[in-house]
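Colleague: Supplied in structure tokens, the structure appears directly below.
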Amino acid sequence: MGIVLIWSLVLILTRWISHKRRGAISYDSEDQTALYIRMLDVRVRSQVGFEPERRGSHPYLYVDFRTLHSRPEAARPVSARNVRRLLSFQRYLHPSRFFHGIPASNHLGYILDDDFTGQAKLLLQKVGNWNFDIFLFDRLTNGNSLVNLTFHLFNTYGLIELFQLDMVKLRRFLVMIQEDYRCQNPYHNAVHAADVTQAMYCYLQEPKLAETLTSCDLLLGLLAAATHDLDHPGVNQPFLIKTDHYLAALYKNSSVLENHHWKSAVGLLRESDLLSHLPTEDRLNMEERLGSLILATDISRQNDYLSEFRTHLDKGDLCLTNGGHRHFILQMALKCADICNPCRPWKLSKQWSEKVTEEFFHQGDIESKHNLEVTPLCDRQSNSVANIQIGFMAYVVEPLFVEWSRFSDTRLSQTMMSHLSLNKQGWKEGRDKQEASASRASEEQRTPATKDSNSKVLPQGSKGS
């Protein structure tokens, strides 16, 4: 009887604990700062026909295009009990991979213990090198490159002490950022965000910037780099517009993705309470400046920023003691960091080129499958990795980095331009060899057919005569 009573108490206690815990992390139900760890099974149903699914899976594989133009159903009343997250409502929650496999009792210790061992620790010491291998670092950190690298850079700059950031909240915030990147995206994922953050750090170390940037500039530069593609769906803006996606309607077909990245970042900042101790005016100002940086990565506005940058350099009127000019240079630095892959060593650049092209072609396949007009860049039948990269380098990357080299004529700029030239030549040589090989194969196929045709025609001709 005593044993049965004990087991009954154990079962009751277990059920109570499971009700108060999600994702193996305990929380106080009265603690409003602990919203992030309520790892509940939440699904967000779009108003345009998207099936609810796990966050991270590609949202366009299950699009029912027959319902894209149908009228949305009347919104059902939702009780407060069912509303689990109020700010970053685009997130599809699941237990944090960052904490997976760590006993609950050790979570706090793990968060506070910035312990990088072995090769990962050695590699992180070289984070300022332009040939930093982010793919290797991501493997060594078990897929947590963005969290570990960004936390390290915050610590390197002393931003945690300067802004009196709570380290537990900072870790929570970085984990949420990393998990809001969709790992199924070949290119726009957390590894890309970590790569851009590492590149941004290299630019922040350049003499002209290092001597003039304030601690707030550094904080915003790193935050913008880490969140600049937050919750990227793996398709471009034209796709969202032509499928009547709710984000396109929300942002009126203007910088749709960039606005979504910015608003998602602000949502996580507020949800994590990372900056809640700052005066409201300062916090709101930082959110606006963060948005200005992220919006600058809109590739459709590339020529506008480049023209303004070129004009400043021609006039020689950039003054980095001016806050507005410093912010503009931060925008240009983030733009460079975002598309710097062709300026990396070939081993790294080639991997990025293949990944971004895979994502392009994935979109093209979806468009073709659903009888949508295939975006020219995404058509695998008429494009190749080499052709896409050669055009991208010539018309987008090179013009930007030529001007950046004018602004910051350093060893790093020379290295980037050298890699860019070598990589472009490498793609051209590869394309020429592939085309020559295809031409020879085609000629070899035609030659036997011609011989067979002649051997048949001649006897018939002689017989007819």
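Placement of Cβ uses the backbone N, Cα and C atoms for every residue, glycine included.
According to TrEMBL, the active site, proton donor annotation covers His188. Residues annotated as AMP binding site in TrEMBL: His188, Asn189, Ala190, Val191, His192, Asp229, Asp338, Gln389. The annotation Zn(2+) 1 binding site is assigned in TrEMBL to His192, His228, Asp229, Asp338. The feature Zn(2+) 2 binding site is assigned by TrEMBL to Asp229. Annotation source TrEMBL lists compositional bias 'Basic and acidic residues' at 426-446. TrEMBL lists 447-457 with the feature compositional bias 'Polar residues'. The domain 'PDEase' annotation in TrEMBL covers 112-434. Positions annotated as region 'Disordered' by TrEMBL: 423-465. As annotated by TrEMBL, signal peptide applies to 1-23.
What does the local environment look like for each feature on the list?
Modeller: Counting every protein chain shown, the Cβ of His188 (active site, proton donor) has 24 other Cβ atoms within 10 Å.
Sequence-distant contacts of Asp229 (AMP binding site), defined as residues of its own chain at least six apart whose C-beta falls under 8 angstroms from its C-beta, comprise Tyr181, His188, His192, Ala193, Val196, Leu257, His261, Thr297.
Non-local neighbourhood of His228 (Zn(2+) 1 binding site): Ala193, Val196, His261, Leu293, Ile294, Thr297, Leu334, Asp338, each in the same chain, at least six residues away, with C-beta under 8 Å from its C-beta.
For the compositional bias 'Basic and acidic residues' (426-446), the residues of the chain that approach it from at least six positions outside its boundaries are 346, 350, 353, 384-387, 389-390, 393, judged by C-beta separation under 8 angstroms.
The average per-residue pLDDT of the prediction over the domain 'PDEase' (112-434) is 96, rounded to a whole number.
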Colleague: Any idea of the Cα spread of the AMP site, His188, Asn189, Ala190, Val191, His192, Asp229, Asp338, Gln389, as a max distance in Å?
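Modeller: The two farthest binding residues have Cα atoms 22 Å apart.
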Colleague: Return the residues near Val191 (AMP binding site), defined as same-chain residues 6+ apart in sequence whose C-beta is under 8 angstroms from its C-beta, sorted by sequence, else 'none'.
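Modeller: Expected: Ile134, Phe135, Asp138, Ser145, Leu146.
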Colleague: What are the sequence-distant neighbours of Ala190 (AMP binding site), meaning same chain, six or more residues apart, C-beta distance under 8 angstroms?
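Modeller: The list for Ala190 (AMP binding site) reads Gly143, Ser145, Leu146, Ile177, Gln178, Tyr181, Cys183, given in order along the sequence.
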Colleague: Identify which of the binding-site residues Asn189, Gln389 has its Cβ surrounded by the largest number of other Cβ atoms within 10 Å, counting every protein chain shown.
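Modeller: For the binding-site residues Asn189, Gln389, the Cβ with the most other Cβ atoms within 10 Å is Gln389.
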Colleague: Whose Cβ lies within 8 Å of the mean position of the Cβ atoms of His192, His228, Asp229, Asp338, the Zn(2+) 1 site, other than those residues?
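Modeller: Not counting the recorded site residues, we get His188, Ala193, Val196, Ala225, His232, Thr297.
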